[in-house]
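Starting off with a structure, shown below.
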Amino acid sequence: MKPVNIGLLGLGTVGGGAAAVLRDNAEEISRRLGREIRISAMCDLSEEKARQICPSAAFVKDPFELVARKDVDVVVELFGGTGIAKEAVLKAIENGKHIVTANKKLLAEYGNEIFPLAEKQNVIVQFEAAVAGGIPIIKALREGLAANRIKSIAGIINGTSNFILSEMREKGSAFADVLKEAQALGYAEADPTFDIEGNDAGHKITIMSALAFGTPMNFSACYLEGISKLDSRDIKYAEELGYRIKLLGVTRKTGKGIELRVHPTLIPESRLLANVDGVMNAVRVNADMVGETLYYGAGAGALPTASAVVADIIDIARLVEADTAHRVPHLAFQPAQVQAQTILPMDEITSSYYLRVQAKDEPGTLGQIAALLAQENVSIEALIQKGVIDQTTAEIVILTHSTVEKHIKSAIAAIEALDCVEKPITMIRMESLHD
């Protein structure tokens, strides 16, 4: 059989990794696929780098030239971002080229434009590497769990944030200090905003939510809250209470709509997700027939991500032989069945909450706080005074039972208005993961 010819757009960490996987595992791939995968053309800012990676491939400076080449069957987009990457992908699809991409931002923000065009052009778009690197969660959601109604997904899907939180817990260090360490180790970018403020995880949970529930991409409705304001005291107190704080991406189908959110979360330390540390990723899926499944592995890095990229190329080489009616739908459901659904505003979600209050250490303070929580129908699971800070101020930690978020916010506003409360209240959501 004739080889599958690919064109690489971008030869950075993942692009170089993909070339290495194709070179080092060429025999294994051919045994599985029955034919060779060949890099026929490459596009990058550095021609020297391209020549080093694959001397036999054509080098082109213009990405639009690459996506028009007759000797390219599959365009592998590894530029990242939504500028030239978006335009090149759309032009490649118009030219009838199949697509492999690791670009979660592109899909979460422009998937509603890309996938319909691909269907119109009978083109396959594969994107396993866009979510959780080498973990095959996209294939699980699109194929392995196809017999199930998915109830919820919760994932640790940003290695930078997970490394920072793990180090803060283990060393008791402040956020700013651990961020510097992460940057020195290469785990965080010079500008870490995309990772630490939840954008990266938001793109990933948006994609998984669309696959789980048969909706268009809804990134603009995804709630994002990062870890930059977390205090090491909260991580310490959470651990003392039997919890660990993780940046969690959550999507859940309820009777009122779909929850779609990213934020720091207290997870019981007995749960497997709570014990995912360092730069590792994990995704928990709860479905009606199979129950709870967990997917764990490297969520980033050259070879883990490249492994997913090459697996997608192999899938395309197999699927392209099938007529379009027998291909796996891009968003797991048949295109006509992909339907918009309500994304719940945060005020309407239901959760338990961790509160840390700094208040005057005087009689009646706890009673006033408890009364205001009760006034909003917020039930207290635990209330602990952690000690006196400066002889006059006490630090109080409260865990609530499950309640609607607008009620806890109203209670917090009322408590903050008390004369005895000295500082803004810290609120962190909790997930039992027992749904």
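Each Cβ is built from the backbone N, Cα and C atoms, and glycine gets one as well.
Small disclaimer: the values here were computed from a predicted structure and weren't measured.
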Let me know which member of G291, G297, G301, G364 Swiss-Prot also records as binding NADP(+) at the site of V14, K104, G186, E189.
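The one candidate that Swiss-Prot places in that NADP(+) site: G301.
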Tell me the Cβ contacts of D200 (L-homoserine binding site) under 8 Å, same chain only and six or more apart in sequence, or just say none.
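Spatial neighbours, sequence-distant, of D200 (L-homoserine binding site): K104, I157, N158, T160, F194.
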Measuring Cα to Cα, how many Å separate I135 (Na(+) binding site) from T13 (NADPH binding site)?
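Given the Cα positions, I135 (Na(+) binding site) is 17 Å from T13 (NADPH binding site).
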Using a Cβ-Cβ cut-off under 8 angstroms and a sequence gap of six or more, which residues of the chain neighbour V131 (Na(+) binding site)?
K104, I137, I138, I157, K204, I207, M208
Run through the domain 'ACT' (354-429) and tell me, per DSSP, how many residues are helix, strand and coil.
23 helix, 31 strand, 22 coil
Restricting to the domain 'ACT' (354-429), what is the model's mean pLDDT?
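Computed over the domain 'ACT' (354-429), the mean pLDDT is 93 on the 0 to 100 scale.
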